[in-house]
């Protein structure tokens, strides 16, 4: 038997629900890769005979393999920063007050409208490199900092180009309904018409999006407007997701679940009826501990209810310049545990198996199983819990992407 590569002297956190051990763990394990897929995984003692002279053999030095990390919610492509707003918040201004005074998302929109594609690409590349160094092999990138046809398309084109020129896979989400631009301040319905009738068709014509998102909140879009955008996305054949229940309980999550959303994100104010709706529809709940931390929120997502109703919990960075300027997947694992009280295993599942489900790619990534794409990381750790327990020590020693060893 011949394989493209074999890993030995390793432990594997498969994250597969088919294995009853915590983390789906296999200790004293081995893993084989062929044609970019996982060809064999199990105990090293059970490893079939193979051509040891013709097969590259890698030793994990007693560390751990996990699936490649998946950051399922980012706003990675933007220009400028909002450090001034950081100072304002520390002096007592609320996120909502800043947004209503013309700051917040709109200030980043203005910077993105002025930036060209080359500038946005380079900024995005640097941020994607930072995530990749921490073991991220797939990332979702949203638009939403254009709020006009030209800039929304520009951001999505840059996201697609990043995916073509980086080993990290990029899934794109059209978030034209992120905020109401100043020019539509007194006619938000007209802006929704623009998103549906002009922006979305152009996005589809260039194949720039895998999904559509909306910010459903009292400072952004109401339930009726949100449903209009999501329904148009469904009619166009795209997946849907939603920023919901971040600042108040508007019922957006239940509505999105009814429409078959892949995920609802933030959900600090989600109630039991909303959780039940997610459970019944198979919609994921995406937790964004970076925003919770940075905005110094006190309303916690309903973790116990999500467990009770067995809703898949996703952990993501929400990397953005206003509410989560924290470009670190590993920091999110730690915060998910320390701030939101997930277990380390739940947090890691939230950035592997469940994150893949939220992006609709769980048929080929998110767990270590035979037949899945060979996307995995090798960590210099003694237990998978270390990924959430400690922070600041680089422990990702190797990454395999599509069966190819990536030099970090």
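Quick reminder: no glycine exception, Cβ is built from N, Cα and C everywhere.
The structure displayed is predicted, hence computed values, not measured ones.
Pulled from Swiss-Prot, these are the features on record:
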BINDING   73, 75, 243, 318  Fe(3+) binding site
BINDING   73, 75, 243, 318  Zn(2+) binding site
BINDING   82, 145, 178, 246, 323  4-imidazolone-5-propanoate binding site
BINDING   145, 320, 322  N-formimidoyl-L-glutamate binding site
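Secondary structure at residue 323 (4-imidazolone-5-propanoate binding site), as computed by DSSP, is coil. A straight line from the CA of residue 243 (Fe(3+) binding site) to the CA of residue 320 (N-formimidoyl-L-glutamate binding site) spans 14 Å.
Sequence-distant neighbours of residue 145 (4-imidazolone-5-propanoate binding site): residues of the same chain at least 6 apart with a C-beta under 8 Å from its C-beta are 75, 77, 78, 105, 108, 109, 111, 112, 151, 155, 178.
Residues within less than 8 Å, Cβ to Cβ, of residue 322 (N-formimidoyl-L-glutamate binding site) and separated from it by at least 6 positions along the same chain comprise 82, 85, 95, 104, 105, 108. Residues 74, 142, 265, 266, 288, 291, 316, 319, 320, 324 surround the recorded Zn(2+) site, their Cβ atoms falling within 8 Å of the Cβ centroid of 73, 75, 243, 318, which are themselves excluded. Between the C-alpha atoms of residue 323 (4-imidazolone-5-propanoate binding site) and residue 73 (Fe(3+) binding site), the distance comes to 13 Å. Under the DSSP three-state reduction, residue 243 (Fe(3+) binding site) is assigned to strand. Fewest Cβ neighbours within 10 Å among the binding-site residues 73, 82, 178: this applies to 82.
Between the C-alpha atoms of residue 246 (4-imidazolone-5-propanoate binding site) and residue 318 (Fe(3+) binding site), the distance comes to 13 Å. Of all residue pairs in the 4-imidazolone-5-propanoate-binding list (82, 145, 178, 246, 323), the one with the greatest Cα separation is 20 Å apart. Taking all protein chains in view, 25 other C-beta atoms sit within 10 angstroms of the C-beta of residue 323 (4-imidazolone-5-propanoate binding site). Of the binding-site residues 75, 243, 243 has the largest number of other Cβ atoms within 10 Å of its own Cβ. The number of other CB atoms found within 10 A of the CB of residue 318 (Fe(3+) binding site), across every protein chain shown, is 27.
Around residue 320 (N-formimidoyl-L-glutamate binding site), the C-beta neighbours below 8 angstroms that are at least 6 residues distant in the chain are 74, 75, 78, 108. The Cβ of residue 246 (4-imidazolone-5-propanoate binding site) has 27 neighbouring Cβ atoms from other residues within 10 Å, across all protein chains displayed.
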